[in-house]
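> A single structure is presented below for examination.
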Amino acid sequence: MSPQTETKASVGFKAGVKDYKLTYYTPQYKPLDTDILAAFRVTPQPGVPSEEAGAAVAAESSTGTWTTVWTDGLTSLDRYKGRCYHIDPVPGEENQYICYVAYPLDLFEEGSVTNMFTSIVGNVFGFKALRALRLEDLRVPISYIKTFQGPPHGIQVERDKLNKYGRPLLGCTIKPKLGLSAKNYGRAVYECLRGGLDFTKDDENVNSQPFMRWRDRFLFCAEALFKSQAETGEIKGHYLNATAGTCEEMMKRAVFARELGAPIVMHDYLTGGFTANTTLAHYCRDNGLLLHIHRAMHAVIDMQKNHGMQFRVLAKALRLSGGDHIHAGTVVGKLEGERDITLGFVDLLRDDHTEIDPDRGIYFTQSWVSTPGVLPVASGGIHVWHMPALTEIFGDDSVLQFGGGTLGHPWGNAPGAVANRVALEACVQARNEGRDLAREGATIIREASKWSPELAAACEVWKEIKFEFPAVDILDKKKS
């Protein structure tokens, strides 16, 4: 029997308090293929050894509590306990460590992100022995992944539904986000889609407020959708936000969207909750709806480098819970996002397999087997001058979403959409011809603007607009 296992049957029950590391720090342990692995950034309180801090995280997120209990003797701790099996000091930090914890698969309910997070990032984040705690990454085993449906459709199915290939998709968030009547809202949707966009979008906090009830919005948006499709000959979509105060109300809205013939609905997966999101994702697959996911509230969780949860974990959780798109930052826009870190979780969203990559903040090799990929959405403070960089950074399998960068055009909404479509087509053509978007991007946009007055006007309006603030969440310094 392992020396870490003390049960009533083996040694007799002894009341009292003992160090966590005596039971939960097991450096000799070799993780199993079926274990869920977690990498925590741990900042212990002064005087708390790293081994004790790592063991405390493993204990409090699995079977442990602050004192020995006699009911330990009624089960096998060796089978169910989490184990801190490796600790690395963080380079450049005096008292900070990456603690690796392995969790037996039996600790988690099948197909439930809610249960997985309740255990791994539950009460342990308020533990007094730690000054700060951050979950940097998870390795989800194939055996657990296969208990989830995942995204309703995935990248290839979405492209087939839309009949659009070889370029990023273009979107626009309708602004002002609050205050428009349903009819005026639908008018903006129509103008943007007619101008050349693939999608328009409800903002995350557009639900069913007194100035615009959800049913009215859905009806006017559906009218705009079908009218623009008839005029352009292209398949169009509007992300109808089904997020609501109850799961029942959320599902009622999704059902109505399907009855209208809408191709896509939307959900705020963090504020709405993983249980609601998984429920909606299952409905979307069964009924042919695409599912756009907004990450409202994510920065409360992931923006600080030392405490909370890195977005790559939330991205993996979304791929399990289900969504066809998710907002992933822009690198170049107004929202937080360091380039290498962003590309790391973009790979986790889209690829079937990712390897450990410290340069992108990826701590574990992750296989997704047959789970469909998710399209990353770049949105927030972007405009036509950003198009070359966005095309180069995110590639074809992405959605580039311009809200103010469409609706702020001096000539109106439709010309704003035209400007973005022309800029995108110019960048894709230049890339396909072998030109360097990173080096020649501005030249490519200027050349295209010579034969597009809409693009020329947009270039003039936003030529001085930049958001050059350093990212808060950056990669650790490399060891010398």
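Including glycine, each Cβ sits where the backbone N, Cα and C put it.
A quick note: this is a predicted structure, and the numbers were derived from the prediction, not measured.
Here Swiss-Prot flags Pro3 as N-acetylproline. Sequence annotations record features per position, and here Swiss-Prot assigns substrate binding site to Asn123, Thr173, Lys177, Arg295, His327, Ser379. Here Swiss-Prot flags Lys175, His294 as active site, proton acceptor, drawing on sequence analysis. The Mg(2+) binding site annotation in Swiss-Prot covers Lys201, Asp203, Glu204. The N6-carboxylysine annotation in Swiss-Prot covers Lys201. Feature annotation from Swiss-Prot assigns site 'Transition state stabilizer' to Lys334; the stated evidence is sequence analysis.
Walk me through the surroundings of each of these features.
Around His327 (substrate binding site), the C-beta neighbours below 8 angstroms that are at least 6 residues distant in the chain are Ile293, His294, Arg295, Pro376, Val377, Ser379, Gly380.
In this view, Lys175 (active site, proton acceptor) is surrounded by 16 other Cβ atoms within 10 Å of its Cβ, with every protein chain counted.
Remark: Asp203 (Mg(2+) binding site) has Thr173, Ile174, Lys175, Lys177, Leu178, Asn241, Gly403 as non-local neighbours, by Cβ distance under 8 Å and separation of at least 6 in sequence.
Within the same chain, residues at least six positions away from Lys201 (Mg(2+) binding site) with a Cβ under 8 Å of its Cβ are Gly171, Cys172, Thr173, Ile174, His238, Tyr239, Met266, His292, Gln401, Gly403.
His294 (active site, proton acceptor): 28 other CB atoms within 10 A of its CB, across all protein chains.
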> Just checking, which of Asn123, Thr173, Ser379 (binding-site residues) has the fewest C-beta atoms within 10 Å of its C-beta?
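Each of the binding-site residues Asn123, Thr173, Ser379 was scored by Cβ atoms within 10 Å; lowest is Asn123.
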> Suppose we draw a 10 Å sphere around the Cβ of Glu204 (Mg(2+) binding site). How many other Cβ atoms does it contain, all chains included?
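So the number of other Cβ atoms within 10 Å of Glu204 (Mg(2+) binding site) is 20.
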> How long is the line from the C-alpha of Glu204 (Mg(2+) binding site) to the C-alpha of Asn123 (substrate binding site), rounded to the nearest angstrom?
28
> Lys177, Arg295: which of these binding-site residues has the highest Cβ count within 10 Å of its own Cβ?
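It comes out as Arg295.
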> Give me the largest Cα to Cα distance among Asn123, Thr173, Lys177, Arg295, His327, Ser379, the residues the record lists as binding substrate, in Å as a whole number.
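For the residues that bind substrate, the greatest Cα distance is 36 Å.
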